[in-house]
Every structure is written in structure tokens, then in C-alpha cells.
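Annotation comment: TrEMBL describes 20-45, 100-119, 163-190, 213-231, 345-363, 369-388, 400-419, 439-460, 481-500 as transmembrane segment. According to TrEMBL, the domain 'Major facilitator superfamily (MFS) profile' annotation covers 24-504. What TrEMBL lists as region 'Disordered' is 506-535. The compositional bias 'Low complexity' feature in TrEMBL is assigned to 521-535.
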Amino acid sequence: MAGDQLNVLNALDVAKTQWYHFTAIIIAGMGFFTDAYDLFCISLVTKLLGRIYYHVDGSVKPGTLPPNVSAAVNGVAFCGTLAGQLFFGWLGDKLGRKKVYGMTLMVMVLCSIASGLSFGSTPKTVMTTLCFFRFWLGFGIGGDYPLSATIMSEYANKKTRGAFIAAVFAMQGFGILTGGIFAIIVSAAFEAKFPSPAYQVDALASTVPQADYVWRIILMVGALPAAMTYYSRSKMPETARYTALVAKDAKLAASNMSKVLQVEIEAEQQKSEDKSNSFGLFSKEFMKRHGLHLLGTTSTWFLLDIAFYSQNLFQKDIFSAIGWIPPAQTMNAIQEVFKIARAQTLIALCSTVPGYWFTVAFIDVIGRFAIQMMGFFFMTVFMFALAIPYDHWTHKENRIGFVAMYSLTFFFANFGPNATTFVVPAEIFPARFRSTCHGISAASGKLGAMVGAFGFLYLAQSPDKNKTEHGYPPGIGVKNSLIVLGVVNLLGMAFTLLVPESKGKSLEEMSGENEQNDEVSSTSNNNSNNTVPTA
């Protein structure tokens, strides 16, 4: 189907992997590094926020965030991300990828710093300002999803496109890892400088006044990687596919890509667009061609994020339940941050990061569909393996086995649907809707993340009302929550059947943008192969 493809697009499709591909991965990937750092670092400091701002005199246990505050602090960035994905996704198709790309970074830099400066004279005002800035931080992060995926897919060649988009997404793993390592360093430094007794020894003295700086520093450092990438993003040329297919300037596209690919690309006249190919978003024609694809990408991302975020955000609760993190009252405030960060870093190092890079290595070998189906399958298996004999895993001698199984669910989330749900929407929709449809799919995922994050918070509470955390109603317990998550993953397998395989195909072939020209493709394909230079 590449027969009637513009020379510049064909040149990109067949270009050899070269330096500019890696530059694009780093520029786009640093956004995701920051996204992951900013979204997940909050889970490292929520227990600390509870101790500092919600201490109860005479209580046996340290202060914790009330349920509504905890839900807001953990989840408000997701609300912002969802809004940002829809808004910037739409804007990326309207104004162009490049124009919008710098805006998202600036929002992230400013709001990372502002959330660390959250102010107020009462706990309520501090939490309110923190939530306000984290909403807008999420808004900036949201824009990075559709824009980074679309830019990378439109820059890449068709042979290694999946690996390049997945590599951008895989920078999330390093962001989570860096968040954990930085929290370990900060908490260790503060513990060495300001030692304090455990809560059960001296409740008030266990939280030193300087602990208030710990969470602020951890949140603010998220601004650094985003700020460092801003200049590089501003220098990236607009993608050829947007310039040629949406802005209708094939000459400029050829000129831009000649510089990037460092080859001569013959500028050509814009081909007249077939009227049957100019349908609008959500029109009857769009629904006929891409409706099921959009249902597939939105539903699988929604289901995946329910499972993924409920595990990730509440790791610390699961670690406490199996004894990896000692009871809160046996530690001081800064020691607790250290222990939570250490546990999250170990999981990231052993399962999260390797899973992402397995996807990068194999996505263009075995394809998106196989990886997504396999990931959902193994997540289902391991969830049920954790849930059904759950009582067995809670015994002290079986804890390492529990953590190993738990790590494997993460590994197969990342060597599976967590990566592929990000890659596929950037490949299968027409250029003029690509960023919007990716934004819609990603927003659906964030909706799932909110269901996972908020739902699991309440669901995982003990059915016995005497054993629930302070302020929470009885839930269905961790065991039954894990069974629910297993069923969610099973549904993910079913909806994966709606998602087409895009391995080795050009973006125009996948989106049907040169579908009308099939009759001439066989003859002109030979000509274009002879005339279009490759990198």
C-alpha cells in the first residue's frame, strides 16, 4: 500500500536506524522519565504526610492521612493527567506536535516546584494547595502521552518503530527507579543528620521538624529532568507526517527530513486528497473504519491500568501486610520513608525495569498482539496464584515467594500490555486524528488508574470492621481484591482481540490513508523503491 505514498514518508519508513532516532528517544523519553517520577514519588511520602500533619496525641499508631485526603493526594494527579491527555491530544492534531510539545514540559516544571512549595497554616490548607498543584502537574504529564508517542511513531522507520515507541515508554521504569533511589538518599541523609527515636519510644520526637523538608525535596526534584529537555524539544522539527498529511506542505516536510536524515529527498507536489478519505473524527465513516480499533485500544488500556495502578500505588500496603516493611510504630518518620523507598526500588529494579526493556527487544520480533495477549494471560495467572492461597503467602516463611510472584505480575505488565497499549494507538489511526485518538485511549487508561487507585484503597480493607484502617469502611480484603484484579486481566485478554497487529507495516498502511490507491500500488511501488533514497 505504499504505492501512492509521498517520497518523504517512504524515506522515513525505510531509513536505517541512525543517531537522530536515539536523540528523539531521549528527548521524548525524558518527558516519560519525569512523568513516572512525578506520578509515583507521591506514594513514597504519603505515610510521612500522615505523620507530620495528622498526628493524634496518645494514639498507639502514627498519624495517617484520612481516607478522603489520601485518595485526593494519590489520585488528583490522575484527574489532571486524564484532562491533559484529552486536551493536548486534540491540540497536537490542531496546531501540530512540535508547537504543543514544549508547553507540556513547562507546565510540568512549574508544577513540580510549586507542589514542593505547598503552603498553609493548617494541614487542610497544605493538602489543598498540594492537590491543586498536583492536578496541574498531571495536566502537563497528560500531554506528554499522546505527543511523545505520536512524534516517535512519525519519526521512526517501520522496521523498528515498535521498539522506538516502547523505548520512550520504558523511560518510565527509570523514572520510578530514580524516584526510589533519590528518596533513599534523601531519607538516609536526614536520618544521619537528625536521628530520632521510634514512634513507640517517643511519639512526638519520632517526627523531627526537618522531616517536612524530605517530602518537599523529593517532589521538587521532578522538575530537573523536564527542565533539562526543554531546549532540545524546542529545536525538534515538526514531524513529516503532520507537515505533509495534515498541514499539506509536502515541500517543507521533504526539506525538514532531508536535514534530519541527511539525505536528499526529492520535494514533490502534494497529492490531491481523495474525498472519501476526508471523514471527520467520530463520523460514520470513522466508526466503520476505526471504531472497533478505538474500542480495543481504550478498553485494554482501561482494564490494564485498573490492575497496574492498584498494585503500584499500594505496594507499600502490601509490603506492610507481608512484613517487608516493619510496623509503623517501630520506626521514626524518616526511617519509614527509607523502608518504603527501598522496597519500591527493589521491585522496580527486579521486575519493572527489565519488563519494559524485554518489550523493546521483542516487540518488532513477535509483534504487539502476542506480547499484549501473553502479558494479560500471565498477569491473570499470577494474580490468581497470589489470591487463592493468600493465607499461605502471609506466613513469615513464605514472604519471599509472595514478593517473587508479585514481582512477576509487574514484569508481565511491562513485558505486556502496559507497553503495548501505549504503542499501538500511535500506529493505527490516520495522521489527522492520531494524537487525539492516542489521547482518548490514554485518558481511558487513566480512568482505569483512578478506579484501581481509589477502588483498591477501599476494597482491600478487611471485612472485619475492627481491623480496617482508621476512617475506612469494611472492604472485601486483599485476597478478594486480588481475585477481582485477576478477572479484570482476563477481560483484558478478550478485548485484545479487537486490536490489529501493526508490526512491520507503514503508518499509512495501518490507518488506510492511501487505501484508495491500491490499484496503482503494485506498479508505482517498484518506481518509488528505485527513486527514493534511503538513509
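Any Cβ shown, glycine's included, is placed from N, Cα and C.
Contact between the transmembrane segment (163-190) and the transmembrane segment (345-363) is supported: at least 3 Cβ pairs lie under 8 Å, counting only residues 6 or more apart in sequence. Note on the transmembrane segment (439-460): residues 67, 70-71, 74-75, 78-79, 81-82, 85-90, 92, 142, 145-146, 294, 297-299, 301-311, 313-314, 317, 421-422, 425, 472-473, 475-478, 480-481, 484 of its chain, located 6 or more positions outside it, place their CB under 8 angstroms from a CB of the stretch. Regional average pLDDT for the domain 'Major facilitator superfamily (MFS) profile' (24-504) in the model is 89.
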